[in-house]
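K.L.:
Under the heading signal peptide, Swiss-Prot lists 1-17, citing sequence analysis as support. Marked as domain 'Ig-like' by Swiss-Prot on the basis of sequence analysis: 18-118. The feature disulfide bond is assigned by Swiss-Prot to CYS41-CYS113, with sequence analysis given as support. Annotated N-linked glycosylation site per Swiss-Prot: ASN106, in sequence order.
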Amino acid sequence: MRWALLVLLAFLSPASQKSSNLEGRTKSVTRQTGSSAEITCDLTVTNTFYIHWYLHQEGKAPQRLLYYDVSTARDVLESGLSPGKYYTHTPRRWSWILRLQNLIENDSGVYYCATWDR
């Protein structure tokens, strides 16, 4: 079965947050169930300590999936999420990738990355 995983990288902007303009960098991804997908978050801000990843599904409030602690290079999952489902890696400075494993239909939605203190 094929399904669409819509990816939107956006930065939220309350006063305590660092943000960046994505200039229309919306990406739609379609993958087979059981496969994996990667979502890239490029930032131009310095002194970033935490990268937060959110999933927004239609009719629901956005849900934080995890945050990545830059200083320890460690993901901190929200409670109730399966270890190994999501993880973050950084292929180069100021770029982070969220990898989603073992995709299911319920993984479809809009994904956001943001940065601010934990």
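Cβ coordinates come from backbone N, Cα and C, glycine included.
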K.L.:
Tell me, what is the mean pLDDT of the domain 'Ig-like' (18-118)?
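P.N.:
Averaged over the domain 'Ig-like' (18-118), the predicted model reaches a pLDDT of 86.
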K.L.:
Rounded to the nearest angstrom, how far is the Cα of CYS113 (disulfide bond) from the Cα of ASN106 (N-linked glycosylation site)?
P.N.:
19
K.L.:
Please list, for the domain 'Ig-like' (18-118), how many residues fall into helix, strand and coil according to DSSP.
P.N.:
3 helix, 52 strand, 46 coil
K.L.:
Is it possible to get the count of other C-beta atoms within 10 angstroms of the C-beta of CYS41 (disulfide bond)?
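P.N.:
A count of 26.
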K.L.:
What is the total of other Cβ atoms whose distance to the Cβ of CYS113 (disulfide bond) is within 10 Å?
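P.N.:
Other Cβ atoms within 10 Å of CYS113 (disulfide bond): 26.
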